[in-house]
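Student: Positions annotated as active site, proton acceptor by TrEMBL: 195. The active site, for cyclooxygenase activity annotation in TrEMBL covers 373. Sequence annotations record features per position, and here TrEMBL assigns substrate binding site to 108. What TrEMBL lists as heme b binding site is 376. Look at TrEMBL and you will find 571-588 tagged as compositional bias 'Basic and acidic residues'. Annotation comment: TrEMBL describes 569-588 as region 'Disordered'. The annotation signal peptide is assigned in TrEMBL to 1-19.
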């Protein structure tokens, strides 16, 4: 077919495209004067009511078809990675593991636009979207204001009441434990870890963030600004301030480190612990991790001081911070993400895998990632510490539990208690349901595109019915009644109501959308770059080895007098758990 004939046919198709008041509605498949892609794979957003014809470039369309035809189905890949243990044991012991890990990292990271593209105020490429770090970025532009329905062209003129959605589809009827064996130690780690980069600005609105580092900077340990950091520092040997209670190291009180912490007014300043994140007094599990990381920072400072006796306070502090950033990323990839995935492929943190690839060592937190990460179904209906059961009323803002029990007892208890299944719906405790309702309301304020548009954006087929989404009939019928069309389903409800993979914590979309954000953010950290990933960055081989050998068990047991059972997985009832509770070696 000649190029002239192709152009003539293209012109004929373009002439058929209906007019629309919003420029996004007339975006076409081929590059043109109105670039408003809803994805990088040929899907473009349109608010044109009724069927809309689009121009399809023959070469690009053929390439998209070939790529989609050859790409393995995500569900099939998940099946392969979670079955055949003997095969994966062989893979994990060979060079194939590194090869697969490199492919996974590159493929996942390439799904995240870098530099960032859109934000709340700009649905087009702009310098403001790139340079203003106060915004969350967004992967897809917003649904235009003048579209026929809130979700574009599909669904009803009015979205269902957010509170009604929460009550019908998210509220727990009976606690459903995660079939993968995830525990509360994992759940509290997730909250503690993500609060360093999910810090929505209450004053400016849901499209803005106070976490300007946009990644793993440990602002939740050191504070998100210099004033807070200085209040938390001891300014001696690089260490952070602390207090000794019952012979153990804990965060200082607000009297000793006068920073803003969110406690009820009835809690006196001497009972408020001061840490990097102002909300961590809410849950003993969060303050538990704050205590562990405080001890780890000061322990690393002692090691660095012995290695470099001439170093001053500032260099000791800054180097210890880099080491703890490395420890965090190592634990997150090799234990936290490993537990989430359920894969037999053993994940590996090795920045050198990407040194020969085109990769940008920078990250911007997306509002979609913030929405996705509200995993409140993890929380149980009550909290068990030894023989004592605590209700939410007894657990929240409990300022004495951490010191009364001690780090070892709480770690052991949280490692043994099951967390809830995230996906599948109807597993959120009534005490925290209001948070999910607010997430839905925020998504409407942000005008996030429909759930199916995000599935297409991340290489998945859109669902054709609510029954296909949920895998059952009752919820599907109710959702159909409320939304009117599967293509009008909102992003967050779609993620939580999607049927889970067999014996898994959540469904396909949470993995396929969440993993790219997560891995790009972790490997995009500056310490993973060739300029930083070397012994001198971490104070020599000693510090470098702390990073490269970090585990959750070492993090806890090198900072406690005894070594409790510690894991992101509940203990196997068929094994003698005591044989696994050994103190890790102190050598580095």
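First residue shown is number 1, and so on along the chain.
Glycine is no exception: its Cβ is also placed from the backbone N, Cα and C atoms.
Please treat TrEMBL annotations as automatic predictions, because they have not gone through curation.
Quick one: how deep are these features, and who are their neighbours?
Tutor: Cβ environment of residue 195 (active site, proton acceptor): 220, 277, 279, 280, 286 lie under 8 Å away, each six or more residues apart in the same chain.
Residue 373 (active site, for cyclooxygenase activity) falls outside any helix or strand according to DSSP and counts as coil. Within its own chain, residue 373 (active site, for cyclooxygenase activity) has 190, 194, 198, 514 as residues 6 or more apart in sequence whose C-beta sits under 8 angstroms from its own.
Counting only residues at least six positions away in the same chain, the Cβ atoms of 515, 516, 519, 520 sit under 8 Å from the Cβ of residue 108 (substrate binding site). Residue 108 (substrate binding site) falls within a helix when secondary structure is assigned with DSSP.
Contacts of residue 376 (heme b binding site) defined by a Cβ separation under 8 A and a same-chain sequence distance of 6+ are given as 428, 429, 432, 433, 435, 436, in order along the sequence.
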